[in-house]
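A quick write-up on the structure given underneath.
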Amino acid sequence: MPKRKDIKTILVIGSGPIIIGQAAEFDYAGTQACLSLREEGYEVILVNSNPATIMTDKEIADKVYIEPLTVEFLSKIIRKEKPDALLPTLGGQVALNLAVSLHESGILDECGVEILGTKLTSIKQAEDRELFRDLMNELNEPVPDSAIVHTLEEAENFVKEIDYPVIVRPAFTMGGTGGGICYNEEDLHEIVPNGLNYSPVHQCLLEKSIAGYKEIEYEVMRDSNDTAIVVCNMENIDPVGIHTGDSIVVAPSQTLTDREHHMLRDVSLKIIRALKIEGGCNVQIALDPNSFKYYIIEVNPRVSRSSALASKATGYPIAKIAAKIAVGMTLDEIINPVTKSSYACFEPAIDYVVTKIPRFPFDKFGDGDRYLGTQMKATGEVMAIGRTLEESLLKAIRSLEYGVHHLGLPNGEEFSLEKIIKRIKLAGDERLFFIGEALRRDVSIEEIHEYTKIDLFFLNKMKNIIDLEHLLKDNKGNIELLRKVKTFGFSDRVIAHRWEMTEPEITELRHKHNIRPVYKMVDTCAAEFDSNTPYFYSTYEFENESTRSDKEKIVVLGSGPIRIGQGIEFDYATVHAIMAIKKLGYEAIVINNNPETVSTDFSISDKLYFEPLTQEDVMEILDLEKPLGVVVQFGGQTAINLADKLVKNGIQILGSSLDSIDTAEDRDRFEKLLIGLKIPQPLGKTAFDVETALKNANEIGYPVLVRPSYVLGGRAMEIVYNDEDLTKYMEKAVHINPDHPVLIDRYLIGKEIEVDAISDGENTFIPGIMEHIERAGVHSGDSISIYPPQSLSEKEIETLIDYTKKLASGLEVKGLINIQYVVSKGEIYVLEVNPRASRTVPFLSKVTGVPVANIAMQCILGKKLKDLGFTKDIADIGNFVSVKVPVFSFQKLKNVDTTLGPEMKSTGEVIGTDVNLQKALYKGLTAAGIKIKDYGRVLFTIDDKNKEAALNLAKGFSDVGFSILTTEGTGIYFEEYGLKVKKVGKIDNSDYSVLDAIQNGDVDIVINTTTKGKSSEKDGFRIRRKATEYGVICFTSLDTANALLRVIESMSFRVQTL
């Protein structure tokens, strides 16, 4: 069926900020879909709230709205634009839920907007747990014994019938939000109310646990002709019970018999047909390992995390084709963009193994609950491709950037066998590595299977790796064995360790005996059709399919998996750098390993290598491609950390030199530079050990800010108030990196300012200066940023421009530089300088209209700012205000403290833009998920040093009609100054404690500032966690709470007597 001619404009809803469970895969899907629809001649209107996305670039859609994803704002846009149709299946759960809400609000009927692709009835049937269960019963497809509950009492009644354990799955949520496995009554009482709270329809499915079954996924496509195909089948190495986003996944499935595969394939196609889904869909099935018995777990009637993985694993662009199906085209008339000769109705075939491993945030949150269950905890993922499962698995492991390079932990020998077994039984994020350690201690695969229910096939493959390790140890220098272990994915680093040699010695030995990787093409068809996809992976075989062209080449290093501190912003910068390189006529080559991102879409660059970002893997590609140079500025700390290794191997780093990077990071060199430039910085010193740290801190004077050098996202950064805390910190930090000292700075209380600038080696241009709402001490990535700054004087702005130009010139920057300043007592100090892309690049690009990364890349390649039209020091400011608001995923991470400080904790960001600060903040806070009400109840629980500032804040809330609740000490202080409050009792020794108030829904906002002391049992910690778990807004910075108050004041009218 040809595409529809009766519709001209299509509204596409994006997925909003990155949170755990919904990451960059939707930027990739949305970008593909928008371009695909425009290719067919439709006008595309895009709405998303996340500035750090390629899909919100003006080039991707005809009209782009960066506005909050709420019914209120979407209704305004629909009334203004009057689109013919809405496409909701490419923006994850957020877009699906919004489509349902928009339909129910009546706006779609009012404006005559049709929902494209999968119909609303099908979405509801797949998402509503009750309707889905009824459909499966109708189709005679088995689902676990289950009940739909709307109250805790209903849940208790169901458990009496079937007994524990039960799995709780809230309706219309993603990433397992609010769900979990209940083993007893205590779990049930915690998880069910939580799940009901997070479900927008206040509904949970309780089902008999089938944990331990194999979890198999089928990624399927269907068109309006009822043609349906399987794009990819995937197998979770971790069995049912661990969320698929937290599982290690392989494609194609490895342990299914032909009969099992065809049985589950047929079931998946039957379900997608019954649901009448038009587009992509993910079917999750639980298979009994000992029989042909299976259960349907769930269906996602949309593009998902799994579809991004399936697209990258097979090369089949699911989102692009789903968009064409949505406008009426059929699979047999859509050309496969990879082969350019076959049609999209041909099922992809793959002749390699793909492994996906999730990336967890527990290097940031050491105190977090690492147990994995049905609620997702990973922030990102890596993917690797190999010809054997062992090769694919080991390549994925070394892509993770945990400091782990193999199947085991760096300090594995320090663990007792008892501890290892305990960690295997507890399904945590490090279980894979503990399995490696157990195999090294000769624990049998049968015993490990008993603890984990991981299939013996996978455990056997892991045992192969350990057996080869032992062989290496016993056969030092054996060249044939060297050749063999390379085909199984062993890195030179691991071989060097086993042979007691250095990594360069192993590399040299390999090259001498011509043991080099070849590069194979990912072509969707296992070489059945001619294909010229520029998408490659390495393996140790014979025929190389990546031929070097004669064109001058530039290699861009990507930023690897998404994690806290290094998010999608760096992928955004990478994609813009690639576009600039292509525009200037060079061949753009990307090396990256993140399956969720736009940079790993093979149609973006001239060549894509899907490889680990390690010295060995990158150098082999560079040896083959022989580029003019490598760009490390846009790949975050991942790429920066490779710079010195590449330079030692004779590779040219383009843009700011290694020396510039080192000067900015090395305390002594940087201090000398600042003295020479006459730019002040807070008093600071360095230390390698506890003794020196204590001496230096006492000379500087507490409080001090301590951090390791060469880190991103404020990792391991703290404000320390005394010797005892500093001693604890040093013991932990020295463990973080023994090669670089700990930096100790005087902590200045003041206004934090952030500046991004572009330099061409001679001149410097500043796209924008941003002011943070939270004072210095809160990590810049967790602060609300305002552009343009609202409280800086003309003189301060002139000083900031002057310092920025001097620093760019002094560091000989070519490309981007990010500088953080603090304004304290009238003086401007430099806090930190990074000669690379920062996480504010997308935000500034969107609000100023300056394509920051693109211009920077052109400067790196020799263009001059004045020739590109940038002749001023700073960009002109428009007549609007924009705010960047951080978004957190605390509800998914148990036991993580929500207090904001110098270590970054946010996973994503949104933007709010309007004519004044209050309106911009309203939009930004709303987009971040904060429901702003003009009345309610605020709970204050404040430490002594903040009580005075909190009093003014409480008075402000009281003036606009909020009731003030307090804990005892705070209440007494507020009452002394005439403020009327209601006091709630202390934790554990009161009939109505502060925790009861939160749990009973008697509090709308919590404002809590911390008392010093790190124990998780501290009252403040328990208050903050309770607020997070019950979905109550919790502010730990008075500055952020004050910003909310300003918004509420602008919405309200004060009432007062004469």
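Using the three backbone atoms N, Cα and C, a Cβ is placed for every residue, glycine included.
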May I ask you to find which of E762, E794, E832 Swiss-Prot records for the ATP 2 site already listed with R707, R746, L748, E752, G777, V778, H779, S780, Q820?
E832
Per Swiss-Prot, which one of Q32, Q284 shares the ATP 1 site with R129, R169, G175, G176, K208, I210, E215, G241, I242, H243, E298?
Q284
Can you check what DSSP calls N834 (Mg(2+) 4 binding site), collapsed to helix, strand or coil?
strand
Measuring Cα to Cα, tell me the gap between E832 (Mg(2+) 3 binding site) and N300 (Mn(2+) 2 binding site) in whole angstrom.
44
Using the alpha carbons only, what distance in Å do you get between E298 (Mg(2+) 1 binding site) and N834 (Mg(2+) 4 binding site) once rounded?
45
Could you break down the residues of the domain 'MGS-like' (930-1058) into DSSP helix, strand and coil, giving a count for each?
56 helix, 22 strand, 51 coil
Cα separation, Q820 (Mg(2+) 3 binding site) to N834 (Mg(2+) 4 binding site) (Å, whole number):
9
Report, as a single number, how many Cβ atoms besides its own are within 10 Å of the Cβ of E298 (Mg(2+) 1 binding site).
16
If you count other C-beta atoms within 10 angstroms, which of the binding-site residues Q284, N300 is the most crowded?
N300
Rounded to a whole angstrom, what is the C-alpha distance between Q284 (Mg(2+) 1 binding site) and Q820 (Mg(2+) 3 binding site)?
46
Show which residues of the chain containing Q820 (Mg(2+) 3 binding site), separated from it by at least 6 in sequence, have their CB under 8 Å from its CB.
E752, I753, E754, V755, S780, V830, L831, E832, V833
What is the number of other Cβ atoms found within 10 Å of the Cβ of N834 (Mg(2+) 4 binding site)?
20
